[in-house]
Amino acid sequence: MAAPAAGPVFWRRLLGLLPGRPGLAALLGRLSDRLGRSRERRRRRSPWLLLAPLLSPTVPQVTSPPCCLCPEGVHRFQWIRNLVPEFGVSSSHVRVLSSPAEFFELLKGQIKMAKRRVVMASLYLGTGPLEQELVDCLESSLEKSLQSKFPSDLKVSILLDFTRGSRGRKNSRTMLLPLLQRFPEHVRVSLFHTPNLRGLLRLLIPERFNETIGLQHIKVYLFDNNVVLSGANLSDSYFTNRQDRYVFLQDCAEIADFFTELVDAVGDVSLQLQGDDTVDVVDGMVHPYKGDRAAYCRAANKRVMDVIHSARTRQQLLHAQTFHSDSLLSQEEAAAAGDRRPAPDTWIYPLIQMKPFEIQIDEIVTETLLTEAERGAKVFLTTGYFNLTQAYMDLVLGTRAEYQILLASPEVNGFFGAKGVAGAIPAAYVHIERQFYGEVCGLGQQDRVQLQEYWRTGWTFHAKGLWLYLAGSSLPCLTLIGSPNFGYRSVHRDLEAQIAIVTESRALQQQLHQEQEQLYLRSSVVTSATFEQPGRQVKLWVKMVTPLIKNFF
(Lines of atoms letter the chains of each structure in order from A; the text may use other names.)
(Lines give C-alpha, C1' and ligand atoms only; values in the text may rest on other atoms or scores of the structure.)
Protein backbone atom coordinates (compact mmCIF):
# COMPACT_ATOMS: atom_id res chain seq x y z
CA MET A 1 0.00 0.00 0.00
CA ALA A 2 3.01 2.27 0.29
CA ALA A 3 3.32 3.04 -3.39
CA PRO A 4 -0.19 4.45 -3.94
CA ALA A 5 0.08 6.49 -0.78
CA ALA A 6 3.25 8.10 -2.02
CA GLY A 7 1.41 9.95 -4.78
CA PRO A 8 -0.74 12.34 -2.68
CA VAL A 9 2.23 13.06 -0.42
CA PHE A 10 4.25 14.03 -3.49
CA TRP A 11 1.55 16.44 -4.68
CA ARG A 12 1.17 18.03 -1.23
CA ARG A 13 4.89 18.69 -1.15
CA LEU A 14 4.71 20.31 -4.58
CA LEU A 15 1.81 22.50 -3.45
CA GLY A 16 4.02 23.82 -0.69
CA LEU A 17 6.60 24.87 -3.28
CA LEU A 18 4.17 26.99 -5.28
CA PRO A 19 3.03 30.04 -3.32
CA GLY A 20 1.15 32.56 -5.41
CA ARG A 21 0.46 30.15 -8.28
CA PRO A 22 -3.26 29.40 -7.93
CA GLY A 23 -3.55 28.02 -11.45
CA LEU A 24 -0.75 25.53 -10.93
CA ALA A 25 -1.93 24.72 -7.42
CA ALA A 26 -5.39 23.97 -8.76
CA LEU A 27 -3.94 21.62 -11.35
CA LEU A 28 -1.89 19.83 -8.72
CA GLY A 29 -4.97 19.47 -6.59
CA ARG A 30 -6.86 17.95 -9.48
CA LEU A 31 -4.02 15.56 -10.24
CA SER A 32 -3.91 14.49 -6.60
CA ASP A 33 -7.67 13.94 -6.49
CA ARG A 34 -7.64 11.71 -9.54
CA LEU A 35 -4.53 9.71 -8.53
CA GLY A 36 -5.23 6.03 -9.04
CA ARG A 37 -8.18 6.69 -11.39
CA SER A 38 -8.17 6.84 -15.16
CA ARG A 39 -9.65 10.06 -16.41
CA GLU A 40 -9.77 8.49 -19.86
CA ARG A 41 -12.67 6.26 -18.75
CA ARG A 42 -15.05 9.13 -18.17
CA ARG A 43 -17.99 8.97 -20.54
CA ARG A 44 -18.76 12.66 -20.35
CA ARG A 45 -16.60 15.71 -20.68
CA SER A 46 -16.31 17.65 -17.42
CA PRO A 47 -18.33 20.82 -18.09
CA TRP A 48 -16.37 22.89 -15.58
CA LEU A 49 -13.26 22.61 -17.75
CA LEU A 50 -15.04 24.69 -20.35
CA LEU A 51 -14.98 27.45 -17.74
CA ALA A 52 -11.18 27.29 -17.60
CA PRO A 53 -10.79 30.84 -18.96
CA LEU A 54 -12.76 32.15 -15.99
CA LEU A 55 -11.06 29.92 -13.43
CA SER A 56 -7.45 30.38 -14.53
CA PRO A 57 -5.53 33.26 -12.97
CA THR A 58 -4.68 36.38 -14.89
CA VAL A 59 -1.17 36.17 -16.27
CA PRO A 60 0.94 38.70 -14.35
CA GLN A 61 2.14 41.64 -16.42
CA VAL A 62 5.87 42.17 -16.34
CA THR A 63 6.57 45.82 -15.58
CA SER A 64 10.30 45.81 -14.95
CA PRO A 65 12.53 45.74 -18.04
CA PRO A 66 14.76 42.71 -18.48
CA CYS A 67 18.35 43.12 -17.40
CA CYS A 68 21.35 41.15 -18.55
CA LEU A 69 21.46 38.84 -15.54
CA CYS A 70 17.85 38.46 -14.41
CA PRO A 71 15.17 36.66 -16.47
CA GLU A 72 12.43 39.24 -15.81
CA GLY A 73 11.41 39.12 -19.46
CA VAL A 74 10.31 35.51 -18.97
CA HIS A 75 9.03 36.03 -15.44
CA ARG A 76 5.74 34.30 -16.15
CA PHE A 77 7.52 30.96 -16.65
CA GLN A 78 9.82 31.04 -13.63
CA TRP A 79 7.38 28.86 -11.67
CA ILE A 80 8.72 25.87 -13.62
CA ARG A 81 11.93 26.00 -11.58
CA ASN A 82 9.88 25.10 -8.50
CA LEU A 83 9.55 21.64 -10.05
CA VAL A 84 12.77 21.04 -11.98
CA PRO A 85 16.26 22.50 -12.33
CA GLU A 86 16.57 25.71 -14.31
CA PHE A 87 19.57 26.05 -16.62
CA GLY A 88 20.46 29.52 -17.85
CA VAL A 89 22.39 29.56 -21.14
CA SER A 90 23.27 31.94 -23.92
CA SER A 91 21.10 31.57 -27.01
CA SER A 92 24.31 31.38 -29.03
CA HIS A 93 24.69 27.86 -27.61
CA VAL A 94 21.31 26.72 -28.97
CA ARG A 95 20.85 25.58 -32.58
CA VAL A 96 17.65 24.27 -34.13
CA LEU A 97 18.12 21.55 -36.76
CA SER A 98 15.65 21.07 -39.58
CA SER A 99 16.23 17.79 -41.42
CA PRO A 100 16.89 14.09 -40.79
CA ALA A 101 20.11 14.27 -42.82
CA GLU A 102 21.41 17.16 -40.70
CA PHE A 103 20.54 15.18 -37.57
CA PHE A 104 22.39 12.08 -38.81
CA GLU A 105 25.52 13.97 -39.83
CA LEU A 106 25.58 15.77 -36.49
CA LEU A 107 25.38 12.48 -34.58
CA LYS A 108 28.28 10.99 -36.52
CA GLY A 109 30.40 14.11 -36.20
CA GLN A 110 29.79 14.42 -32.47
CA ILE A 111 30.63 10.76 -31.83
CA LYS A 112 33.92 11.17 -33.69
CA MET A 113 34.87 14.24 -31.62
CA ALA A 114 33.80 12.89 -28.21
CA LYS A 115 36.64 12.54 -25.72
CA ARG A 116 34.96 11.77 -22.41
CA ARG A 117 31.40 10.49 -22.79
CA VAL A 118 28.78 9.44 -25.29
CA VAL A 119 25.31 8.92 -23.82
CA MET A 120 22.44 7.91 -26.09
CA ALA A 121 18.86 7.16 -25.08
CA SER A 122 16.39 6.02 -27.72
CA LEU A 123 13.48 3.66 -28.23
CA TYR A 124 15.65 1.39 -30.38
CA LEU A 125 18.62 1.19 -32.73
CA GLY A 126 17.84 0.00 -36.23
CA THR A 127 19.72 -2.72 -38.09
CA GLY A 128 20.46 -1.17 -41.49
CA PRO A 129 23.65 0.24 -43.03
CA LEU A 130 23.12 3.76 -41.68
CA GLU A 131 22.73 2.47 -38.15
CA GLN A 132 25.87 0.39 -38.69
CA GLU A 133 27.67 3.62 -39.59
CA LEU A 134 26.84 4.96 -36.13
CA VAL A 135 28.09 1.79 -34.47
CA ASP A 136 31.28 1.98 -36.54
CA CYS A 137 31.77 5.59 -35.41
CA LEU A 138 31.45 4.48 -31.79
CA GLU A 139 33.94 1.67 -32.33
CA SER A 140 36.41 4.02 -34.01
CA SER A 141 36.17 6.59 -31.22
CA LEU A 142 36.61 3.97 -28.50
CA GLU A 143 39.58 2.50 -30.34
CA LYS A 144 41.18 5.92 -30.76
CA SER A 145 40.58 6.72 -27.11
CA LEU A 146 42.45 3.62 -25.95
CA GLN A 147 45.30 3.86 -28.44
CA SER A 148 46.07 7.56 -28.15
CA LYS A 149 49.27 8.74 -26.49
CA PHE A 150 47.17 10.32 -23.76
CA PRO A 151 44.12 8.03 -23.35
CA SER A 152 40.91 9.98 -22.78
CA ASP A 153 39.00 7.09 -21.18
CA LEU A 154 35.91 7.53 -23.33
CA LYS A 155 32.77 5.94 -21.84
CA VAL A 156 29.71 4.98 -23.90
CA SER A 157 26.29 4.47 -22.30
CA ILE A 158 23.29 3.44 -24.40
CA LEU A 159 19.72 3.16 -23.09
CA LEU A 160 17.07 1.44 -25.21
CA ASP A 161 13.72 -0.24 -24.69
CA PHE A 162 13.91 -3.96 -23.97
CA THR A 163 10.89 -5.10 -25.98
CA ARG A 164 11.57 -2.98 -29.06
CA GLY A 165 15.32 -3.55 -28.91
CA SER A 166 14.93 -7.34 -28.67
CA ARG A 167 12.47 -7.85 -31.54
CA GLY A 168 13.57 -10.24 -34.28
CA ARG A 169 16.74 -12.28 -34.74
CA LYS A 170 18.72 -9.23 -35.82
CA ASN A 171 17.96 -6.37 -33.49
CA SER A 172 19.39 -3.51 -31.42
CA ARG A 173 21.09 -5.96 -29.08
CA THR A 174 22.90 -7.86 -31.81
CA MET A 175 24.02 -4.55 -33.35
CA LEU A 176 25.67 -3.49 -30.09
CA LEU A 177 27.09 -6.82 -28.91
CA PRO A 178 30.42 -6.43 -30.78
CA LEU A 179 31.04 -3.12 -28.97
CA LEU A 180 30.16 -4.65 -25.63
CA GLN A 181 32.39 -7.65 -26.23
CA ARG A 182 35.37 -5.63 -27.42
CA PHE A 183 35.14 -2.77 -24.89
CA PRO A 184 33.45 -4.30 -21.81
CA GLU A 185 34.92 -1.71 -19.43
CA HIS A 186 33.91 1.24 -21.57
CA VAL A 187 30.47 0.35 -22.95
CA ARG A 188 27.20 -0.01 -21.08
CA VAL A 189 23.95 -1.06 -22.76
CA SER A 190 20.80 -0.79 -20.62
CA LEU A 191 17.44 -2.18 -21.72
CA PHE A 192 14.42 -0.75 -19.90
CA HIS A 193 11.60 -3.22 -19.30
CA THR A 194 8.29 -1.78 -18.15
CA PRO A 195 7.10 -3.20 -14.82
CA ASN A 196 3.58 -3.40 -16.26
CA LEU A 197 4.46 -6.22 -18.68
CA ARG A 198 4.71 -9.26 -16.41
CA GLY A 199 3.22 -12.62 -15.56
CA LEU A 200 0.57 -14.08 -17.84
CA LEU A 201 0.31 -10.85 -19.81
CA ARG A 202 3.98 -11.10 -20.78
CA LEU A 203 3.51 -14.70 -21.92
CA LEU A 204 0.38 -14.10 -23.98
CA ILE A 205 1.05 -10.85 -25.85
CA PRO A 206 2.86 -11.44 -29.16
CA GLU A 207 6.29 -9.87 -29.62
CA ARG A 208 4.96 -7.41 -32.19
CA PHE A 209 2.44 -5.96 -29.71
CA ASN A 210 4.10 -6.24 -26.30
CA GLU A 211 5.50 -2.72 -26.62
CA THR A 212 1.95 -1.35 -26.33
CA ILE A 213 2.07 -1.93 -22.55
CA GLY A 214 4.87 0.57 -21.95
CA LEU A 215 8.22 1.74 -23.32
CA GLN A 216 11.42 3.64 -22.77
CA HIS A 217 10.63 6.52 -25.12
CA ILE A 218 13.25 9.15 -24.15
CA LYS A 219 15.43 10.45 -27.00
CA VAL A 220 18.61 12.17 -25.78
CA TYR A 221 21.95 12.12 -27.58
CA LEU A 222 24.89 13.49 -25.59
CA PHE A 223 28.55 13.95 -26.45
CA ASP A 224 30.88 15.41 -23.80
CA ASN A 225 29.08 18.70 -22.99
CA ASN A 226 26.93 18.83 -26.13
CA VAL A 227 23.32 17.58 -26.08
CA VAL A 228 20.76 16.82 -28.79
CA LEU A 229 17.11 16.65 -27.69
CA SER A 230 14.72 15.15 -30.22
CA GLY A 231 11.80 12.87 -30.84
CA ALA A 232 13.80 10.89 -33.41
CA ASN A 233 14.98 7.33 -32.91
CA LEU A 234 18.23 5.78 -34.12
CA SER A 235 16.85 4.27 -37.30
CA ASP A 236 17.42 4.81 -41.02
CA SER A 237 14.10 6.54 -41.74
CA TYR A 238 14.85 9.10 -39.01
CA PHE A 239 18.10 9.84 -40.86
CA THR A 240 16.52 10.18 -44.31
CA ASN A 241 12.78 10.83 -44.79
CA ARG A 242 10.97 10.82 -41.43
CA GLN A 243 10.43 14.41 -40.31
CA ASP A 244 11.04 15.16 -36.65
CA ARG A 245 12.34 18.02 -34.48
CA TYR A 246 15.86 18.44 -33.10
CA VAL A 247 17.66 21.00 -30.95
CA PHE A 248 21.42 21.07 -30.37
CA LEU A 249 22.73 22.50 -27.08
CA GLN A 250 26.44 23.24 -27.42
CA ASP A 251 28.88 23.51 -24.52
CA CYS A 252 26.17 23.21 -21.86
CA ALA A 253 27.99 21.23 -19.17
CA GLU A 254 25.29 21.43 -16.49
CA ILE A 255 22.57 20.24 -18.88
CA ALA A 256 24.82 17.45 -20.14
CA ASP A 257 25.54 16.38 -16.56
CA PHE A 258 21.81 16.32 -15.77
CA PHE A 259 20.88 14.12 -18.72
CA THR A 260 23.87 11.86 -18.10
CA GLU A 261 22.63 11.35 -14.55
CA LEU A 262 19.04 10.83 -15.74
CA VAL A 263 20.06 8.16 -18.27
CA ASP A 264 22.28 6.55 -15.62
CA ALA A 265 19.32 6.48 -13.23
CA VAL A 266 16.98 4.83 -15.74
CA GLY A 267 19.84 2.54 -16.73
CA ASP A 268 20.28 1.44 -13.12
CA VAL A 269 16.64 0.26 -12.97
CA SER A 270 16.92 -1.42 -16.38
CA LEU A 271 18.27 -4.78 -17.49
CA GLN A 272 21.97 -4.80 -18.39
CA LEU A 273 23.01 -6.40 -21.67
CA GLN A 274 25.88 -8.86 -21.24
CA GLY A 275 28.51 -9.92 -23.78
CA ASP A 276 26.76 -13.26 -24.37
CA ASP A 277 23.44 -11.54 -25.22
CA THR A 278 21.88 -12.33 -21.84
CA VAL A 279 20.56 -9.66 -19.49
CA ASP A 280 20.91 -9.12 -15.77
CA VAL A 281 19.84 -6.60 -13.15
CA VAL A 282 22.14 -4.20 -11.35
CA ASP A 283 23.26 -5.60 -7.99
CA GLY A 284 20.67 -4.88 -5.32
CA MET A 285 17.97 -3.75 -7.76
CA VAL A 286 14.49 -5.29 -7.86
CA HIS A 287 13.81 -7.15 -11.11
CA PRO A 288 11.38 -5.13 -13.27
CA TYR A 289 9.02 -7.99 -14.16
CA LYS A 290 9.97 -10.87 -11.85
CA GLY A 291 10.26 -8.89 -8.64
CA ASP A 292 7.64 -7.06 -6.59
CA ARG A 293 6.14 -4.36 -8.79
CA ALA A 294 5.48 -1.84 -6.02
CA ALA A 295 9.00 -2.23 -4.62
CA TYR A 296 10.51 -1.81 -8.08
CA CYS A 297 8.48 1.34 -8.80
CA ARG A 298 9.39 2.86 -5.43
CA ALA A 299 13.08 2.24 -6.09
CA ALA A 300 12.83 3.68 -9.60
CA ASN A 301 10.95 6.75 -8.36
CA LYS A 302 13.62 7.42 -5.74
CA ARG A 303 16.48 6.93 -8.18
CA VAL A 304 15.05 9.34 -10.77
CA MET A 305 13.72 11.93 -8.31
CA ASP A 306 17.11 12.02 -6.56
CA VAL A 307 18.63 13.14 -9.87
CA ILE A 308 16.00 15.86 -10.32
CA HIS A 309 16.24 17.11 -6.73
CA SER A 310 20.04 17.18 -6.63
CA ALA A 311 20.26 19.02 -9.97
CA ARG A 312 17.62 21.50 -8.85
CA THR A 313 19.54 22.16 -5.63
CA ARG A 314 22.79 22.66 -7.57
CA GLN A 315 21.16 25.13 -9.93
CA GLN A 316 19.54 27.05 -7.07
CA LEU A 317 22.95 27.45 -5.43
CA LEU A 318 24.48 28.51 -8.74
CA HIS A 319 21.66 31.00 -9.27
CA ALA A 320 22.21 32.45 -5.79
CA GLN A 321 25.95 32.79 -6.35
CA THR A 322 25.40 34.43 -9.72
CA PHE A 323 22.78 36.97 -8.74
CA HIS A 324 23.71 37.96 -5.19
CA SER A 325 25.72 41.13 -4.81
CA ASP A 326 28.42 39.44 -2.78
CA SER A 327 29.28 37.31 -5.79
CA LEU A 328 30.05 40.22 -8.13
CA LEU A 329 33.73 40.12 -7.27
CA SER A 330 33.99 36.44 -8.10
CA GLN A 331 32.26 37.09 -11.43
CA GLU A 332 34.79 39.81 -12.24
CA GLU A 333 37.60 37.50 -11.24
CA ALA A 334 36.17 34.76 -13.44
CA ALA A 335 36.00 37.17 -16.36
CA ALA A 336 39.59 38.24 -15.76
CA ALA A 337 40.61 34.58 -15.72
CA GLY A 338 39.17 34.07 -19.17
CA ASP A 339 35.58 32.97 -18.48
CA ARG A 340 33.93 35.09 -21.16
CA ARG A 341 30.65 33.22 -21.38
CA PRO A 342 27.83 35.61 -22.27
CA ALA A 343 25.05 36.25 -19.77
CA PRO A 344 22.06 33.91 -20.11
CA ASP A 345 19.12 35.03 -22.20
CA THR A 346 17.61 31.55 -22.50
CA TRP A 347 16.41 29.10 -19.85
CA ILE A 348 16.15 25.34 -20.23
CA TYR A 349 13.82 23.24 -18.06
CA PRO A 350 13.94 19.42 -18.32
CA LEU A 351 10.44 17.94 -18.06
CA ILE A 352 10.21 14.28 -17.08
CA GLN A 353 7.13 12.04 -17.30
CA MET A 354 7.25 8.51 -15.89
CA LYS A 355 3.74 7.70 -14.72
CA PRO A 356 4.61 4.06 -13.87
CA PHE A 357 6.91 5.59 -11.23
CA GLU A 358 4.42 8.33 -10.21
CA ILE A 359 6.55 11.07 -11.81
CA GLN A 360 4.26 13.49 -13.67
CA ILE A 361 6.25 16.69 -14.07
CA ASP A 362 5.77 17.06 -17.82
CA GLU A 363 2.03 16.57 -17.45
CA ILE A 364 1.83 19.25 -14.76
CA VAL A 365 3.83 21.78 -16.76
CA THR A 366 2.02 21.12 -20.04
CA GLU A 367 -1.44 21.42 -18.47
CA THR A 368 -0.43 24.63 -16.71
CA LEU A 369 0.94 26.19 -19.90
CA LEU A 370 -2.30 25.37 -21.72
CA THR A 371 -4.39 26.67 -18.82
CA GLU A 372 -2.57 29.99 -18.57
CA ALA A 373 -2.30 30.76 -22.29
CA GLU A 374 -4.22 34.04 -22.39
CA ARG A 375 -6.57 35.47 -25.00
CA GLY A 376 -4.55 36.59 -28.00
CA ALA A 377 -1.80 34.05 -27.42
CA LYS A 378 -1.14 31.48 -30.12
CA VAL A 379 -0.19 27.87 -29.51
CA PHE A 380 1.20 25.81 -32.38
CA LEU A 381 1.00 22.18 -31.25
CA THR A 382 2.24 19.27 -33.31
CA THR A 383 2.12 15.51 -32.88
CA GLY A 384 2.84 12.64 -35.22
CA TYR A 385 0.03 10.66 -33.58
CA PHE A 386 -3.06 12.75 -32.83
CA ASN A 387 -4.55 11.14 -29.75
CA LEU A 388 -4.66 13.87 -27.09
CA THR A 389 -5.52 12.98 -23.52
CA GLN A 390 -8.94 14.07 -22.33
CA ALA A 391 -7.36 16.73 -20.11
CA TYR A 392 -5.41 18.27 -22.99
CA MET A 393 -8.48 18.22 -25.24
CA ASP A 394 -10.56 19.90 -22.54
CA LEU A 395 -7.99 22.66 -22.16
CA VAL A 396 -7.64 23.24 -25.89
CA LEU A 397 -11.42 23.50 -26.24
CA GLY A 398 -12.01 25.47 -23.04
CA THR A 399 -9.30 28.12 -22.86
CA ARG A 400 -8.82 31.43 -24.66
CA ALA A 401 -5.70 31.04 -26.76
CA GLU A 402 -5.72 30.29 -30.48
CA TYR A 403 -4.54 26.80 -31.47
CA GLN A 404 -3.12 25.48 -34.70
CA ILE A 405 -2.63 21.73 -34.33
CA LEU A 406 -0.42 19.97 -36.85
CA LEU A 407 -0.83 16.23 -37.31
CA ALA A 408 0.06 13.55 -39.82
CA SER A 409 -2.18 12.91 -42.79
CA PRO A 410 -2.90 9.16 -43.13
CA GLU A 411 -0.37 8.81 -45.95
CA VAL A 412 2.53 10.11 -43.80
CA ASN A 413 1.53 8.20 -40.68
CA GLY A 414 4.28 5.79 -39.68
CA PHE A 415 1.81 2.86 -39.75
CA PHE A 416 0.53 3.59 -43.27
CA GLY A 417 0.75 0.45 -45.40
CA ALA A 418 1.64 -1.79 -42.45
CA LYS A 419 0.56 -5.42 -42.57
CA GLY A 420 -2.21 -6.90 -40.45
CA VAL A 421 -4.02 -5.02 -37.70
CA ALA A 422 -1.33 -2.31 -37.59
CA GLY A 423 -2.38 -1.26 -41.08
CA ALA A 424 -5.69 -0.02 -39.66
CA ILE A 425 -4.02 2.34 -37.18
CA PRO A 426 -3.97 5.35 -39.59
CA ALA A 427 -7.73 4.91 -40.03
CA ALA A 428 -8.15 4.89 -36.25
CA TYR A 429 -6.30 8.21 -36.08
CA VAL A 430 -8.59 9.60 -38.79
CA HIS A 431 -11.56 8.56 -36.66
CA ILE A 432 -10.11 10.28 -33.56
CA GLU A 433 -9.33 13.38 -35.63
CA ARG A 434 -12.86 13.50 -37.03
CA GLN A 435 -14.39 13.18 -33.57
CA PHE A 436 -12.26 16.05 -32.27
CA TYR A 437 -13.05 18.19 -35.30
CA GLY A 438 -16.73 17.53 -34.66
CA GLU A 439 -16.36 18.78 -31.09
CA VAL A 440 -14.58 21.91 -32.30
CA CYS A 441 -17.42 22.63 -34.72
CA GLY A 442 -20.08 21.74 -32.17
CA LEU A 443 -18.68 24.36 -29.80
CA GLY A 444 -18.32 26.94 -32.57
CA GLN A 445 -14.55 27.08 -32.09
CA GLN A 446 -13.45 26.72 -35.72
CA ASP A 447 -11.91 30.19 -35.82
CA ARG A 448 -9.90 29.60 -32.63
CA VAL A 449 -8.91 25.93 -32.97
CA GLN A 450 -7.61 24.81 -36.34
CA LEU A 451 -6.38 21.38 -37.43
CA GLN A 452 -3.77 21.04 -40.17
CA GLU A 453 -2.46 17.88 -41.82
CA TYR A 454 1.17 17.45 -42.82
CA TRP A 455 1.79 15.84 -46.19
CA ARG A 456 5.02 15.29 -48.12
CA THR A 457 5.60 12.83 -50.94
CA GLY A 458 7.75 9.89 -49.85
CA TRP A 459 8.05 11.08 -46.25
CA THR A 460 6.51 10.21 -42.89
CA PHE A 461 5.82 12.63 -40.03
CA HIS A 462 6.98 12.21 -36.42
CA ALA A 463 7.41 15.79 -35.13
CA LYS A 464 5.99 16.70 -31.76
CA GLY A 465 6.02 19.64 -29.37
CA LEU A 466 4.61 23.14 -29.19
CA TRP A 467 5.52 26.77 -29.76
CA LEU A 468 3.92 29.48 -27.60
CA TYR A 469 3.46 33.00 -28.98
CA LEU A 470 2.40 35.50 -26.33
CA ALA A 471 -0.40 37.95 -27.16
CA GLY A 472 0.81 40.63 -29.55
CA SER A 473 4.02 38.79 -30.43
CA SER A 474 4.95 37.50 -33.87
CA LEU A 475 7.69 35.25 -32.46
CA PRO A 476 7.55 32.37 -29.94
CA CYS A 477 9.15 32.82 -26.52
CA LEU A 478 8.71 29.18 -25.44
CA THR A 479 8.90 25.79 -27.07
CA LEU A 480 8.55 22.23 -25.82
CA ILE A 481 10.72 19.71 -27.66
CA GLY A 482 11.47 16.06 -26.96
CA SER A 483 9.76 12.69 -26.94
CA PRO A 484 6.14 13.17 -25.66
CA ASN A 485 3.24 12.98 -28.13
CA PHE A 486 0.58 14.56 -25.82
CA GLY A 487 -1.33 11.26 -25.95
CA TYR A 488 -2.43 8.72 -23.36
CA ARG A 489 0.70 6.61 -23.82
CA SER A 490 3.03 9.55 -23.27
CA VAL A 491 1.23 10.57 -20.10
CA HIS A 492 0.41 7.18 -18.58
CA ARG A 493 2.52 4.34 -20.02
CA ASP A 494 5.93 5.37 -21.32
CA LEU A 495 9.08 7.03 -19.99
CA GLU A 496 9.31 10.47 -21.58
CA ALA A 497 11.54 13.54 -21.46
CA GLN A 498 11.46 16.88 -23.19
CA ILE A 499 12.75 20.36 -22.46
CA ALA A 500 11.01 23.68 -22.22
CA ILE A 501 13.13 26.37 -23.86
CA VAL A 502 12.21 29.89 -22.74
CA THR A 503 14.11 32.65 -24.49
CA GLU A 504 14.33 36.43 -24.71
CA SER A 505 16.74 36.20 -27.64
CA ARG A 506 15.20 37.47 -30.84
CA ALA A 507 17.69 35.42 -32.87
CA LEU A 508 16.65 32.16 -31.19
CA GLN A 509 12.99 33.13 -31.40
CA GLN A 510 13.51 33.60 -35.13
CA GLN A 511 15.04 30.10 -35.35
CA LEU A 512 12.06 28.58 -33.55
CA HIS A 513 9.59 30.56 -35.66
CA GLN A 514 11.29 29.43 -38.86
CA GLU A 515 11.20 25.82 -37.66
CA GLN A 516 7.48 26.09 -37.01
CA GLU A 517 6.80 27.75 -40.35
CA GLN A 518 8.75 25.14 -42.31
CA LEU A 519 6.66 22.35 -40.80
CA TYR A 520 3.30 24.08 -41.18
CA LEU A 521 3.99 25.19 -44.77
CA ARG A 522 3.75 21.53 -45.81
CA SER A 523 0.24 21.21 -44.40
CA SER A 524 -3.35 21.83 -45.42
CA VAL A 525 -6.21 23.02 -43.23
CA VAL A 526 -8.72 20.38 -42.16
CA THR A 527 -12.36 21.08 -43.06
CA SER A 528 -15.48 18.94 -43.18
CA ALA A 529 -14.61 18.21 -46.82
CA THR A 530 -11.38 16.54 -45.66
CA PHE A 531 -13.33 13.62 -44.23
CA GLU A 532 -15.38 13.15 -47.39
CA GLN A 533 -12.32 12.17 -49.41
CA PRO A 534 -12.28 8.51 -50.55
CA GLY A 535 -9.24 7.61 -48.44
CA ARG A 536 -10.88 8.94 -45.27
CA GLN A 537 -13.74 6.48 -45.06
CA VAL A 538 -13.24 4.56 -41.81
CA LYS A 539 -14.59 1.03 -41.63
CA LEU A 540 -17.21 0.26 -39.00
CA TRP A 541 -15.05 -2.26 -37.16
CA VAL A 542 -12.26 0.33 -36.81
CA LYS A 543 -14.73 2.82 -35.33
CA MET A 544 -15.93 0.20 -32.86
CA VAL A 545 -12.46 -0.95 -31.83
CA THR A 546 -10.81 2.49 -31.58
CA PRO A 547 -12.27 3.43 -28.16
CA LEU A 548 -11.01 0.11 -26.78
CA ILE A 549 -7.44 0.39 -28.07
CA LYS A 550 -6.76 4.15 -28.29
CA ASN A 551 -4.91 4.09 -24.96
CA PHE A 552 -2.32 1.68 -26.38
CA PHE A 553 -1.02 3.68 -29.38
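The backbone N, Cα and C atoms fix where each Cβ goes, glycine too.
Feature annotations, courtesy of Swiss-Prot:
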| type | residues | note |
| --- | --- | --- |
| ACT_SITE | His217 | active site |
| ACT_SITE | Lys219 | active site |
| ACT_SITE | Asp224 | active site |
| BINDING | Ala121, Ser122, Leu123, Tyr124, Leu125, Gly126, Thr127, Gly128 | ATP binding site |
| DOMAIN | 457-490 | domain 'PLD phosphodiesterase 2' |
| TRANSIT | 1-25 | transit peptide |
Taking the domain 'PLD phosphodiesterase 2' (457-490) alone, what is its mean pLDDT?
96
Got a sec? Which of these active-site residues, His217, Lys219, has the most Cβ atoms within 10 Å?
His217
Among the binding-site residues listed here (Ser122, Leu123, Tyr124, Gly126, Thr127), which has the Cα closest to the Cα of Lys219 (active site)?
Ser122
For the domain 'PLD phosphodiesterase 2' (457-490), what are the same-chain contacts with Cβ under 8 Å, counting residues 6+ beyond its ends?
40, 74, 77, 215, 217-219, 229-232, 237-238, 241-245, 247, 351, 353, 362, 366, 369, 373-389, 392, 406-409, 412-414, 416, 496-504, 506, 509-510, 512-513, 515-516, 519, 550-553
Number of other Cβ atoms within 10 Å of the Cβ of Tyr124 (ATP binding site) across all protein chains:
24
Radius 10 Å, atoms counted are CB only; among the binding-site residues Gly126, Gly128, which position scores highest?
Gly126
Enter the number of other CB atoms within 10 angstroms of the CB of Thr127 (ATP binding site).
16
Cα-Cα, whole number of Å: His217 (active site) versus Leu123 (ATP binding site)?
5
Please list, for the domain 'PLD phosphodiesterase 2' (457-490), how many residues fall into helix, strand and coil according to DSSP.
3 helix, 13 strand, 18 coil
Give the helix, strand or coil assignment DSSP yields for Ala121 (ATP binding site).
strand
Across all protein chains in the structure, which of the binding-site residues Ala121, Leu125 has the highest Cβ count within 10 Å?
Ala121
